[in-house]
Structures are given as structure tokens and as C-alpha cells.
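Asker: I have a structure I would like to understand better, so I am pasting it below and will then ask my questions one at a time.
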Amino acid sequence: MASVVCVFRSSFSVPLKEKKLLDVKLGELPSWILMRDFTPKGIAGAFQRGYYRYYNKYVNVKKGGVAGISMVLAAYVVFNYFRCYKELKHERLRKYH
Amino acid sequence: MNENLFSSFITPTMMGLPIVIIITMFPSIMFPSPTRLINNRLISIQQWLVQLTSKQMLSIHNQKGQTWALMLMSLILFIGSTNLLGLLPHSFTPTTQLSLNLGMAIPLWAGTVITGFRHKTKASLAHFLPQGTPLPLIPMLIIIETISLFIQPMALAVRLTANITAGHLLIHLIGGATLALMNISTVTAMVTFTILVLLTILEFAVALIQAYVFTLLVSLYLHDNT
């Protein structure tokens, strides 16, 4: 009974399309990226999955702390810094700008 | 210094895309919708605050005015959260743009006035003439009351814009002054830094107060007209 199960497991493999990113081998990476769903619905689904992954890990817990929103606010500050970098780089303390 | 003092107020575009839309919609992420009977701490705190504010704000209204509860609560949440998020470094505050504030003030004020004219026409028109005015003064007073009615949405929008913009400008200026004074005289820089800390505390208060005032005035205009 156990040997039948072992044989079954070795011959069963997950198709490339449904593998998670960390299970994809490096040689298969370009074909994996090309197989992803880049339609608007797919992109919206990706954002939704990412949002709920963060939300359920840090905010939607029984004893959530301040870390949940403060990480979001820190990312917001960094995003705005990237946005303003062009004007901000003239304000550095340098002799020649 | 002169040019980039106002550069934080221009509409943000990144590579030609108007990301101001994304920045304006960002506060909505901070308010997740409650799904269960007992929610996580973030939602519970927000629910408690919303109940506290709505009870206090809607107590003066009758049945008809209380149908505006959702509108007024979302208004105060939007303005409050947008103002508070604007206090983070380098961020863009949508409420500093007069266009957004006019877009909020004019439809809400027009809604209250039109509600008043539709349901209580005589009482709405009677607002133009206070009780007991002497007869010769009546024409002038009606003109004055009309002007004061039409200035209400302008005052709502400009009050919010000017307060938030002025606060942000002061923070920029005093922060720049502190940095410039640090090499010249450290003591003066410490004094200026203390002023900056006090100003930041004031700005936190102003962010919330302005949201409250805006919503309160809209609800007062509503109370007059229902």
C-alpha cells in the first residue's frame, strides 16, 4: 500500500502554469512570466490577492498592533519621496549641484 | 527656495500619468469594511469613532435631516484622513487644491438649498428677511442676505483650502529656517525647532478641526432647510 502511494507521488507533477513563484526553476522563469494573466481582470486579481495577503497577515488578527498601518504609511512616505526626488535632489548640501 | 516652496502643491503626475487620482483614493485603504460581528482592532476603533461622531452631529436634525448621515460621515472621514495623511513628509494633500474643495462644497450646499426650496418653499424664502426689520431697510437687507447665501459654498471651499495650504507652507518655511540657522547659531535653531514642533501639533489639530467645521457647516445649512 505504501509503495503504491510512493510511486504515485513521484510520477505526479504540477503543471507550470499553476506553480508558485518559489517552486519555479530558473530555466522555466521566462515561460512562467509569459504564462501569467496580464488582462485587466488578471491584474486586478493580482492587486486584490496582494491586498488581502497583507491585510489578513497584519491587520485582520485578534491582537493587531500599530505595525499594520505604520508599514503602510512608511511605504506611502517612500513612494512620495520617489515621486518628488527630482526636486529634492537640488536641496542636498553639495558644493556643485 | 522660492520655486520649490510651492512645488509640493502642484498636481502630481508620474511619467505623464495623473497619479493624483490614486493619491486621492489612497485614504480609502485605511478604512476596511467590517465583515463580522466582532472585528479586528482597526475596524473596532474606527466604528467607535464613527458612532461617537455621528451621534453628536446628527442629534440636532429631524427625521429628514438624518437621511444625510452617510453623506456627512463619509465627508468628515474623507477630509480628516486626507488632511492627516498630508502631514506625512513629502506627501501630497488633495484638499489643498481649490478645485477639489469647490467640488465638495458646491454640490453639498446646493443640495441643502434645493431641498429647502422643494419642501419648505415659504420658510426657505423667509430666511432672506430677518424678523422685525424696519420697512425702509428691506430691499438692502434682501440683497445682503442673498449675497451671504451665495457666498456660503465659496467660504466653505476657500476656508478649507486656505487653512491647510497655509499650515503646510508655514511648516516648510519654518523647517527651512531651522536648517539654515543651524550653521549660524545653534540656539536660535533650537528655538525655531521648538516653534516647528508646536506648529506640527497645531497642524494635527487643524487637520481634524477643519474636517469637523466643514461637515458641521454643511449640517447646519441642512438643518436650516429641512
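Note that the numbers count up from 1, one per residue, in the order the chain is shown.
Every residue, even glycine, has its Cβ placed from backbone N, Cα and C.
The transmembrane segment annotation in TrEMBL covers B:6-31, B:67-86, B:98-117, B:137-158, B:164-184, B:196-222.
Explain the structural surroundings of these features, please.
Answerer: Note on the transmembrane segment (B:67-86): residues 24, 26-27, 30-31, 50, 53-54, 57-58, 61, 92-96, 104, 108, 160, 164, 168, 204, 206-208, 210-212, 214-215, 218-219, 222 of its chain, located 6 or more positions outside it, place their CB under 8 angstroms from a CB of the stretch.
Long-range contacts of the transmembrane segment (B:98-117) within the same chain: residues 24, 71, 75, 79, 123-125, 149, 152-154, 156-158, 160-161, 214, 218, 221-222, 224-226, each at least 6 residues beyond the stretch ends and with a Cβ under 8 Å from a Cβ of the stretch.
Below 8 angstroms of C-beta separation, residues 1, 5, 8-9, 83, 86, 93, 95-96, 192-193, 195-196, 199-200, 202-203, 206-207, 210 of the same chain, each at least six residues beyond the ends of the transmembrane segment (B:164-184), sit close to that stretch.
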